[in-house]
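Asker: Structure in structure tokens, see below.
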Amino acid sequence: MEVLDATGLAERLRWEDNDYWLHLEAETPFDKYPAKQHARRVQAKLGIEDGLIYLPGQPARNNEDSDMPAPFRQRRYFYYMSGCDEPDCHLMYDIRRDVLTLFIPRIKPERVIWNGRGSTPAEALAKYDIDQVHHSQDLTYIIQNWAFKHQHTSIYILHPSSRIPGCDNLMPRIDSHSLQPAISLCRMIKDDHEIKRIRKANDISSQAHREVLANIHKYKNEAQVEGLFMDVCISQQAKQQAYDPIAASGPNAGTLHYDANNEDLAGRQLMCLDAGCEYELYASDITRTFPLSASWPSKEAENIYNLVQRMQETCIERLEPGVRYLDLHIMAHQIAIDGLLRLGILCNGTREEIYKAGTSRAFFPHGLGHHIGLEVHDVGQAELMSVRRGKPVYQQAPSLYPENFHDPVYDSETCHAPTDPQSSHLEEGMVVTVEPGIYFSVYALQHFYLPSPIHSKFINLEVLERYLPVGGVRIEDDLLITANGHENLTTAPKGEAMLDIIRQGNPGTTEILNPSPTPPRRMRSENRTPRLRAPGISKKTLQPLLTPLARAATLPTELRQQDDIDFEPIVGPSLFSGFSRAMTTEEKIQQWKQKRDSVPTAPSRPTKAKNLSPVCGENTANVQHVYMSTVSDLSSLSQSSVGSGSTSMCKNCGILVQTLDRLRQNLSSSTQTSPKPMTVPTFESRQKSHTVEEKHREMVCTDSLLDKVSIGQSNRAIGPEERRRKAQSDHHHHSRLKAATGEVKSRFSTRYTPAGVPPLMPSHDQYSITRRPNPERMQPVADTPIVPPRHLTYMTSTPQQSTENPALADLGLPRASAEIAAIRATKQAGQEKLDTQRTTLDAFQDEGQRLVIRSRHRLIPQTSMPVLMSQNPYHHHSNRSHGREGNNATNKRSMIDSQPAERRTRPERPERPARDYVPGDEFLTR
């Protein structure tokens with residue numbers, strides 16, 4: 001080991017700048033998916049410097065009406081920015097801080113024995129290119145906390161239907177229209193990591209195609225071909241297919257997406273095998289058409305195969321950056337028309353006439369290709385084959401301007417295109433397919449093209465019938481667009497190499513796990529510069545667009561400026577024409593550092609508010625806040641802090657201080673002008689009411705003494721016949737009194753409280769009667785004055801209207817003298833109150849209620865108190881009606897209070913039999 005000494009330090013420092021640094025890329029699990037770089041690319045496409053990106057992962061679910069789990073397939077937009085292929089995860093990217101956070105579900109111990117466990121936070125941090133890992137339960141809190149600290153920034157989600165769990169209050173700040181186009185533009189250009197995965201998927205699929213070619217003469221059914229292909233893919237750790245394999249033999253090849261794969265191969269000429277696997281979520285798409293024998297079964301099959309192969313090779317030769325893909329599609333149609341004219345299938349017209357009529361779409365109904373990546377028909381497909389529609393629209397051939405891939409349009413009347421169509425230009429880093437084909441669909445020909453006079457005149461039926469058994473031919477490869485041309489990622493054999501494998505039965509010795517480092521590709525000479533380049537491609541070196549990094553830190557690290565990168569825009573129309581150039585990551589870092597260095601120092605807080613919190617709740621350092629410890633200190637703090645310091649005052653604090661001052665003024669003024677509140681009865685007022693009641697009892701007793709002298713003495717002198725007539729007259733008098741006082745019955749309420757205890761709530765009626773439980777039964781005696789029981793007290797309040805009734809004026813009261821008349825008037829008032837009590841008790845009898853309340857086993861029913869059953873069996877036996885009344889006691893009593901008198905005298909209700917009045921009646925005595 002070399003000993004470090006101070007003498008050699010200067011020499012080492014002098015040669016330090018000349019040292020060479022070695023960069024290594026590991027082909028091991030340490031080669032992480034570049035999620036952090038993808039997030040930065042999305043931020044650059046969005047063109048924002050602050051905000052939050054939220055993406056949910058695919059949740060785990062079961063099949064419908066089943067307890068078996070459905071096949072899990074991660075959401076591709078989520079995977080592009082996270083690299084995580086686990087269910088029930090979430091992703092959050094803080095743009096300003098450049099922090100990528102992954103939320104994973106917490107491990108459930110009860111499910112580990114069944115499904116295994118997921119990643120722990122430490123494992124996820126080491127596995128994925130992310131900065132932080134939290135459990136999913138913390139998602140709502142973290143996002144709400146971020147939103148509170150960033151009041152004026154937006155949150156970007158993928159779709160308008162997307163929702164952040166527990167964050168519905170943030171909907172006004174959510175942008176659901178900008179994120180998906182930005183990620184789609186980024187996904188169109190693949191980086192080195194993505195290209196490696198697509199190449200790996202192509203290698204595995206190509207080997208599976210070789211195995212099928214080597215064993216095709218052994219199989220007798222389409223299902224066997226599909227099974228062998230999937231067997232090879234699964235054995236190479238590619239357990240998922242990018243799409244359902246298409247193993248179409250004979251006429252089935254005329255169906256573009258045939259997937260039954262269950263018919264026998266006997267009597268068929270060709271098989272069209274369209275199949276490709278996924279590797280780490282990246283797809284491959286390969287199609288090969290081959291004979292089911294060692295040689296071509298017919299001349300017609302060989303002719304169609306050679307025509308399709310010429311279409312594909314011609315289009316592939318012209319793949320390079322800046323080429324408009326739609327032009328290649330039109331060129332493929334022109335080659336197909338020339339070939340079909342030469343074979344005699346098309347006739348009676350020139351290439352231009354058939355081209356304008358769109359008859360070639362009968363044999364080539366789909367587009368030339370599509371993007372491929374995380375999806376087999378990856379994002380950007382619409383841009384690749386799109387048509388920019390202008391105002392002048394003319395009828396054109398539908399075969400020239402397809403709107404959707406594999407969306408057949410069989411009539412020219414259903415498709416229109418502008419005179420100046422525009423589509424996407426190819427860019428470096430794109431991976432596209434080139435898949436021309438010639439098909440003979442009997443259904444499409446019979447129902448759309450042959451009945452149409454526009455197309456039928458160009459089709460030779462006699463020759464067409466000979467080519468119908470061919471079914472269809474399609475050849476498809478996956479190609480990477482490079483700076484100098486293209487690279488074919490598909491290594492599956494075709495042409496003569498394909499026939500050699502079928503004849504020999506040997507798939508070859510291609511090693512899948514270690515593919516060739518230099519796959520077949522078409523390269524330009526090095527001394528020839530490319531004509532058109534995508535933005536950001538260097539003129540000097542062919543370095544990749546993105547370089548995989550280690551796990552990203554919370555803040556971006558210092559990166560070196562690369563002077564050999566220019567950003568010259570593409571010449572001519574392009575997908576990026578008219579767009580301003582997005583800033584690179586290095587420029588973003590420099591801009592962030594400048595802003596960080598230019599931030600002024602935060603002013604110190606007031607000394608008296610050292611440990612206080614601002615009024616507005618936001619502790620920002622660029623403005624001066626108002627602090628408060630108590631409510632009384634608010635005005636003084638606001639006056640002292642507004643004019644102090646050179647920094648600007650916090651607007652929110654000023655608004656809150658002014659609002660509180662106005663509230664104080666309004667409260668102070670309202671206390672002077674507000675009406676006098678209702679006072680609660682005091683002990684002295686209750687004593688006064690008891691004094692008035694005692695005086696009323698004395699008056700009633702005096703009236704009873706007079707009855708002893710007059711009425712009582714006369715009762716001993718009259719006979720039985722007169723006593724009966726008097727009872728009838730008294731009953732008539734009682735009926736008149738009851739009819740006269742019926743209109744005020746609704747103003748009386750009965751309330752039962754213990755003796756000496758005032759009612760809990762003041763009555764809103766004019767009169768209120770309180771009654772002791774278990775009153776003594778008082779028997780009237782002829783020579784004894786009738787004194788009302790002591791437990792009957794009358795609580796009077798100021799009436800809202802006069803209780804005088806004209807019917808009370810003609811009751812026939814005797815007037816012996818002025819004193820007797822006054823006493824009689826007082827007696828009459830007491831008698832009216834007693835009649836009112838009797839009327840109220842009659843109402844209880846009408847409702848079928850027997851109110852027997854005993855002093856030791858009685859509860860006061862309240863609205864908020866449940867009715868309890870007494871433990872006394874005798875009380876329970878004699879109080880059945882009270883038990884029924886208990887559950888709704890308050891409602892029934894309020895119903896009696898508010899029930900008008902007319903409801904008791906309705907004609908449909910039978911009259912109660914009249915009660916014979918006798919002076920000793922117990923009911924009247926009570």
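Using the three backbone atoms N, Cα and C, a Cβ is placed for every residue, glycine included.
Take a look at what Swiss-Prot says about it:
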type	residues	note
BINDING	ASP274, ASP285, GLU476	Mn(2+) 2 binding site
BINDING	ASP285, GLU435, GLU476	Mn(2+) 1 binding site
REGION	505-538	region 'Disordered'
COMPBIAS	506-515	compositional bias 'Polar residues'
REGION	595-615	region 'Disordered'
REGION	668-696	region 'Disordered'
COMPBIAS	685-696	compositional bias 'Basic and acidic residues'
REGION	711-741	region 'Disordered'
COMPBIAS	719-730	compositional bias 'Basic and acidic residues'
REGION	865-926	region 'Disordered'
COMPBIAS	887-897	compositional bias 'Polar residues'
COMPBIAS	900-915	compositional bias 'Basic and acidic residues'
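How about a rundown of where these features are and what they're close to?
Answerer: The 10 Å shell around the Cβ of ASP285 (Mn(2+) 2 binding site) contains 26 further Cβ atoms across the protein chains shown.
For GLU476 (Mn(2+) 2 binding site), the same-chain residues 6+ apart in sequence whose C-beta sits under 8 angstroms from its C-beta are ASP274, ASP285, ILE286, THR287, ARG288, GLN312, GLY369, THR433, VAL434, GLU435, THR490. In the three-state DSSP scheme, GLU476 (Mn(2+) 2 binding site) is classed as strand.
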Asker: With the Mn(2+) 1 site defined by ASP285, GLU435, GLU476, which remaining residues of that chain have Cβ atoms positioned within 8 Å of the Cβ centroid?
Answerer: ASP274, GLY276, ILE286, THR287, GLY369, THR433, VAL434, ARG474, ILE475, ASP477, ASP478
Asker: Inside 8 A of the center formed by the CB atoms of ASP274, ASP285, GLU476, which other residues of the chain have their CB, for the recorded Mn(2+) 2 site?
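Answerer: Residues close to the Mn(2+) 2 site, other than ASP274, ASP285, GLU476: ALA275, GLY276, ILE286, THR287, THR433, GLU435, ARG474.
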Asker: If you run the three-state DSSP split on ASP274 (Mn(2+) 2 binding site), which class comes out?
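Answerer: Note: ASP274 (Mn(2+) 2 binding site) is in a strand by DSSP.
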